[in-house]
Amino acid sequence: MNERRNITHRPRRLRASEPLRRMVRETTLAPDDFIYPLFVAHGEGLRRPIPSMPGVFHFSVDTLLRECEEALADGVPSVLLFGLPEGKDARGSEAYADDGIVQRAVRALKRELPGLLVVTDVCLCEYTSHGHCGVVEGGQVLNDPSLDLLARTAVSHAAAGADVVAPSDMMDARVGAIRQALDVEGFENVALMSYAAKYASAFYGPFRDAAGSAPAFGDRRSYQMDPGNRREALKEVQLDIEEGADLVMVKPALPYLDIVRDVREMTDLPVAAYNVSGEYAMVKAAAQNGWIDERRAVLELLTGIRRAGADIILTYHAREAARWLREG
Ligand code: PB1
């Protein structure tokens with residue numbers, strides 16, 4: 001029997017159809033929200049799969065150009081570059097070499113794809129023989145001596161044409177050091193996206209496999225943040241803002257959505273969140289085992305990162321998410 005009740009509020013009215021649900025949807029995704037991380041190595045014709053990150057590859061500059069062209073065609077306007085050097089040494093010297101792999105890739109991308117926004121990761125860990133993000137002496141990662149090398153790295157990226165430099169090292173005062181070096185060298189218009197609240201996370205494993213950047217000894221807990229700290233993230237973000245960051249990032253994303261929300265509420269700067277390799281690998285593994293609906297899960301997790309307050313999401317899902325969004 002269709003018994004009618006005198007019910008005033010019926011939230012289900014606005015869930016009754018897809019057009020209604022779309023009309024009242026509070027958080028939406030667009031490919032412009034994404035930055036697509038990419039690995040570039042020396043060589044030619046390279047498209048080497050990364051086992052722990054299905055769908056992610058090591059590219060050489062020539063194949064990177066093709067990948068970025070396809071990403072642009074998918075609607076993804078921005079990439080983040082990580083370099084795999086020819087050789088590694090104690091001071092990570094290819095990180096700041098004018099003919100380093102990232103510097104070469106930036107020049108090629110800006111020449112061939114001027115409409116692409118090129119962000120470069122500024123760190124030493126992919127380039128150092130010990131795998132730490134800074135200079136090591138006596139088993140310690142030295143903060144202040146690392147600042148000069150990080151600043152030189154950022155300047156070399158800017159000189160190659162990078163639009164944005166993104167220091168991921170977590171050394172104290174590196175944002176100020178990099179900003180000053182860029183300005184002194186005439187790159188005052190190159191933006192700085194700081195990995196401001198970056199945690200010593202277990203979710204970087206696949207990346208470290210891909211970049212060969214796992215620390216040879218110890219770990220990163222003397223410079224990356226402790227996962228238990230929330231207030232400290234606001235201190236880190238505030239310091240980077242004061243030192244001149246144009247954008248601030250929380251990393252990783254999914255285990256730190258509370259931090260994304262806190263940072264969103266503390267600053268009007270653009271807030272980025274990095275959906276890291278371990279988060280990506282988990283979804284891919286579950287999808288390959290048929291345990292989740294990959295398309296729905298990826299769009300849901302990216303929506304969650306945006307709903308938490310991120311304007312920008314760095315994600316290896318960028319191209320597939322852009323295609324799924326276009327399909328509607
Ligand atoms: O996707 C990822 O896991 C990114 C990892 C990230 C890259 N910025 C860092 C991982 C690490 O701490 O080893 C690299 C730090 N410079």
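Just so it is clear, glycine is given a Cβ too, placed from its N, Cα and C backbone atoms.
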TrEMBL Zn(2+) site partner of CYS123, CYS125, selected from CYS68, CYS133: CYS133
Candidates near ligand 1 among the binding-site residues CYS123, CYS125, GLU236, TYR316, judged by a Cβ under 6 angstroms: CYS123, CYS125
Of the recorded positions listed as CYS123, CYS125, CYS133, LYS198, ARG220, the one whose CA lies nearest the CA of LYS251 (active site, schiff-base intermediate with substrate): LYS198
From LYS198, ARG208, ARG220: recorded positions whose CA lies within 10 A of CYS133 (Zn(2+) binding site): ARG220
Three-state secondary structure, LYS251 (active site, schiff-base intermediate with substrate) (per DSSP): strand
Neighbourhood of CYS125 (Zn(2+) binding site) by C-beta distance under 8 A, where only residues 6 or more apart in the same chain count: GLY92, GLY131, HIS132, CYS133, ASP169, ALA211, SER213, PRO215
Using Cα positions only, nearest of the binding-site residues to LYS198 (active site, schiff-base intermediate with substrate) (ARG208, GLU236, SER277, TYR316): GLU236
